[in-house]
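Notes follow once the structure below has been shown.
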């Protein structure tokens, strides 16, 4: 029942998501109906003609050759050839035949058939051969007689001559050639008579070509040879004529041709979009990790697939029902698209195809984890699986059954063949019926409709198996892969028995064994919601075991938040995955509310709430729907859902967003909803993985409040990288390292165990006395330690055990504040971050905790030597002083950076090597660049060779037995003895051949019309010939009737009659077996095939364009990637010139293009394509290809600006290349055919399309080939020259001629295009177009700026900000040169519907050795400021100066003095850390001899040496940020911009980065930094400003801002409660009384957290009061901190309006 409920829920979810994507759903419905509509429109447009009466044809005489043989051939006389020439019998018979006809001809004997074939092929007079009679007997002697069982074949001209004189005059048009001896019926049957207007039956021309006349003459000559006198007498009494079967009333319907050819394509196109949608939808859930989350909530994988399958099946059912209706409904006069087919069978066929399409889409989806890439590749694969049908269709009649079935393993080919069969059955007149399921269309065919349906279902099953297997073995990023042979393992099917280590009773206390000094005592009065006992997890990575967690034992209590901390890889996520049942544990137990995780997961999940690190939200479900969906998934009953959802919305404060889709929610609201999903349905156990990641300070606070409210009756496990979050939320904090639990206890307990004490920070006045301060501090607190002395701040560490001395210290400092030159001072207690770092170091070094002296907030150069030694030990820095600082000092003295030409050459080399590294590392792409063109061309040349090789028609025996068992009606209206005798002999002869003779007593033709009407299309296969014997006076007339629906029935009918006569004359042993074996092609026909080589050139060009479409697109990938990750911008900021950047790329890409081009020449040589390999034309082809490369590569660069994702760029540019090349090429080529009469338009379009390199390449290759073959033929002989003149076939002596078919204009165009596209590229890159636009908009923008500034200037300006502005507005030249960065009234307005003032007149000077922090909420203008300062955005007004150079006018010089670390890592995944630093060192102009030393120093300073030679893509987030910072620092730029440099780093990595930045600052660099981390700003910044709505609202040192804007203190205290129940209450009452207005922030487990307000409270007073209260109230421990910088920051929150999505 639960399964059914889950399935229904998933179907509801899928249906809702589909319903919300209105455009997609409409398109999915519309496209199939559109294509069905096209067929209906064609059905209505194409007029069918009703023929109400039977069509009866006249008799055809076969006594004489057709009239055109009366005219002599070009050679002079007709020749009648025979083989073998040495046989007297053969000669006699041939001479007899010659005398039979009244035309002038001579007999020509050949000793062997090979000689005859050579004569036909190579003798230019061979067109005079009328026919050849070849006897299939070995005459050993000339006198050998002809046996009674005669076998011979007739060989007529390959090209049917009666058509020769009716040609269109265009030799390039393909004539209907050959005798169709490979098939008995046409590929597509017709519902009416084949060639209804031809009494002689038309193609292949047995009567009009004289074949029957010759056949009858030879047969008569054989009879005369064996019975001369009797034969003579018989022929006098008898006449043989032929006649075409009459045809019953019919409807002539040309529409059926459209059905036969277009139905497969239209069906494929109908389902394409839906297939792509399926792929995208399924992969999107995987990409967004929704599938993994639903699995954690207890959803089975098979249910997930089943729900998708059912949903799409039901959708397809609706679509195909409509399609069937449109196909089968009568649109006019009882005519439909499929008039005769059974609608239920059509529906069954379409459903089978739908099922296979769904399965195919599922299969494709398993190979990808990115939805856009999956859809792009899926689209390509979907089309690609249809292309084999293009090869199958023309060869259908030649293919064996197994080949057809094999090709049907591609569902699109199976569908196409099924649609083709439907078309054939419709043309046959019966339509497809259930009774025809196992019957082929005709005797030629060996394939039936039932096999199509079977193959479609088999395909679905196979694709399903592949889906199941691939998902298990390659589950993607978020699953556990099975071994490749998992399906052979019994454990997969039967479950895996688990080894239980150290099984204990559930009730026992798991932590007793582990209790030591770092584990705080367990709370006695609380219930453990989660008990973890000796839990371990080992992962198998290759052949090695990797320990995930080891022997974890921990209790988590109800009503508490337990915070789990640890570095990346410490085991936090593994622990959560085990507790949620995503992986099974290797050993140990965990109990959640008494249920064991290995056995009772279904029960556990009912009360489990999960909030993964990422938002588990469906873009198109509303807030309420999410809560409803997940509540139901957890098992909440349908009746309770509405109330639960309503309550949860209230708790989350999201009532007003109830019906808003999740994609429109802000980041903070999304996290709230994710937490709501975890809370819903009464989840008693919550697991929250970094619930506030990616949120700003305001949103984070809101989540903290929510969790504090909701924890009362729940067990909460939370992980975080924010230590302040752990400090504030964690009732108990557990720290994991290397998979093992290191400590556990309250925040206060851990700080007491691991903390260093208090950090006291003093802000100095200009006349400050640091020595005096230091003496005073050490006098009161002897073991105090100087922490840092940098900028305007001085900081000390005061040990915690000295708190009783703090009152006197602070009192003395307050008293002597002015005397010592102290502007302000404050203190903060040890943070959780320090605890965390210390635990990590303890694990890493196995040192005693007391021996670890942790560098505190300020990571500065003045740290003690022991600190350096420790870091060296930890990080492998052998000589820490020789870091960035040392390098800088050294360089300032010795190093002169390259400039001018040397710098440009160095930068060119750096950029060139970057491209080379990309090709080297992305070898798969390089392989594709080479293999795709080679494969395309090779396949094309193979296909051309295979298809254009016009094989000589094979021999076909003209016998009824070829058609299987047939009915032969005959009538004997004649009463003569001869007629009776002939009819009896006919019966005997047919029965002997196992045919079915049927005597018709009435009129034979009426009988044939009646049977054809009754039997429909089946009649044409069962009845092929008929005979009648009439008397006409003394003469008996034997009529051989033939059913013209079969190609060879005329000759077969005559063969039966002639055999009948022969047997009458010579007895039953006599027989004549005749075959049709067309002649081989002669010179003229081969010449025509040379002209078809023109078509071959077209095919080569077409395939080359397909190959180049894929190859050319690859040149956009790196361009888009570099721009998307901002690496290109950072390279420009690092000093590289636009021309250097693009020309180096172009040079490498042209070299890359040259490789496949040369290999293409090898392929042409291998296939011996003369046009490109003879007469030095290889050089011409290489020139064409390289000019194409020169033109297309800059075009790809230019078009890369339209895309922000490399995969999208690649797929869409490939489509662009295909359309701009193939579509235009085909269009122009078709219009050039004279018969189309659009030659003038084709010339115009050809000139228009010259701007497209793809079109130029296609036309150039095609024209070159055509010109070569035409010229070669037309100059080969006088006869060829005569034909060329006669048919006006043109060629050019010079291949580079401007006129067609020369390639001059295409070559010129490609050469010019490259230059034009590069010019456009530089115009865009140098912002010339933007500058023009800026100039035009300048006046309007100034007015807008003034108006916007008036609007925003409401609040009075802060005094510090005003003073900074006034200093900058009156600058001196010296101060400008000495100050690394001056920002002067900088403003930015974005032109949009409502103009946005992003930055408003900010002014600032950053001095040497200063680190300036830029703080602000999202949308405050920080990033816009950075973009203007680095030249990425234009400046609206104001200016900025770097080293005295203006950003507006000297951006090139400015960039040489600037380092930049963008917010998101602008790194190139294909390079190593060392390679990137070397590249940027070159860009900065560091001399080559010094680069290695410089890079080594940077790596050492960044602690990146162990990772230096690893690819950047393998780096952790922290290492990437370090490398980004290193790039900003290398080359010693005067000003360094760091945009959120420590985002996503764990605390250890963050500290190391701070250290690097601090050392750079101390070396004299000016640093500007933005950050969301207030702690980071306190650690690094000497001054900072808070930005609101584009303006500075305050400015000064961190301590100055805290003293100016902050008020009050933060107090945490732990009270002993042993033996005294109300001790805590007494202490709370004391605080309320002593500190009026104090706010109780949090209370848990004998701990309280207060905010103490008031500016009048001094540090001395606070410590004095608390020291006295310590004994009186049993206070175990307490800590006091000044209000944090974060609280100052939050005090400005109300001034910032809600941000727009662009977050400027």
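Even glycines carry a Cβ here, placed using N, Cα and C.
According to Swiss-Prot, the feature N-linked glycosylation site maps to 14, 53, 124, 140, 228, 620, 1350, an assignment based on sequence analysis. Residues or ranges marked as transmembrane segment by Swiss-Prot: 261-283, 307-327, 344-364, 373-393, 405-425, 447-467, 1100-1120, 1144-1164, 1183-1203, 1213-1233, 1245-1265, 1310-1330 (among others). Per Swiss-Prot, ATP 1 binding site is recorded for 566, 567, 568, 569, 570, 571, 572, 573. Under the heading domain 'ABC transporter 2', Swiss-Prot lists 1381-1614. What Swiss-Prot records for 1416, 1417, 1418, 1419, 1420, 1421, 1422, 1423 is ATP 2 binding site.
Distribution of Swiss-Prot features across the structure.
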residue : record                      : DSSP (3 states)
53      : N-linked glycosylation site : coil
228     : N-linked glycosylation site : helix
566     : ATP 1 binding site          : coil
571     : ATP 1 binding site          : coil
620     : N-linked glycosylation site : coil
1416    : ATP 2 binding site          : strand
1422    : ATP 2 binding site          : helix
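Just so you know, of the recorded positions 228, 1418, 1423, the Cβ with the fewest other Cβ atoms around it within 10 Å is the one at 228. In this chain, the transmembrane segment (307-327) does not touch the transmembrane segment (1183-1203); fewer than three CB pairs sit within less than 8 A of each other, excluding pairs fewer than 6 residues apart. Neighbours of residue 572 (ATP 1 binding site), defined as other CB atoms within 10 A of its CB across all chains, total 22. Ranked by how many other Cβ atoms sit within 10 Å of their Cβ, the binding-site residues 573, 1417 place 573 at the bottom.
One way to see the shell of the ATP 1 site is to take the Cβ centroid of 566, 567, 568, 569, 570, 571, 572, 573; the remaining same-chain residues with a Cβ within 8 Å of it are 574, 736. Same-chain neighbours of the transmembrane segment (344-364): 267, 271, 274-276, 278-279, 282, 305, 308-309, 312-313, 316-317, 319-321, 323-324, 327-328, 338, 374, 377-378, 381-382, 385, 411, 414-415, 418, 422, 432-434, 437, 449, 452-453, 456-457, 459-461, 463-464, 466-467, 470, counting only residues six or more beyond its ends whose CB sits under 8 Å from a CB of the stretch. Across the structure, residue 573 (ATP 1 binding site) and residue 620 (N-linked glycosylation site) are spaced 28 Å apart at their Cα atoms.
Neighbour count (other Cβ atoms within 10 Å of the Cβ, all protein chains): 23 for residue 1419 (ATP 2 binding site). Per-residue confidence over the domain 'ABC transporter 2' (1381-1614) averages 85 (mean pLDDT, predicted model). If you draw a 10 Å sphere around the CB of residue 568 (ATP 1 binding site), it holds 15 other CB atoms from the protein chains shown. Listed stretches 261-283, 405-425, 447-467, 1100-1120, 1310-1330 were compared with the transmembrane segment (307-327); the greatest number of C-beta pairs under 8 angstroms is found for 261-283. Per-stretch counts of Cβ pairs under 8 Å to the transmembrane segment (1310-1330) identify 1245-1265 as the leading one among 261-283, 405-425, 447-467, 1144-1164, 1245-1265. Cβ-based crowding with a 10 Å cutoff singles out 14 as the top-ranked of the glycosylation sites 14, 53, 140, 620. Long-range Cβ proximity for residue 570 (ATP 1 binding site), meaning a same-chain Cβ under 8 A and a gap of 6 or more residues, is found for 736, 737, 738, 739. Taking Cβ-Cβ distances under 8 Å and a sequence separation of 6 or more, the neighbours of residue 571 (ATP 1 binding site) in its chain are 548, 549, 552, 736, 738, 739, 740.
A distance of 31 Å separates the Cα atom of residue 1418 (ATP 2 binding site) from that of residue 569 (ATP 1 binding site).
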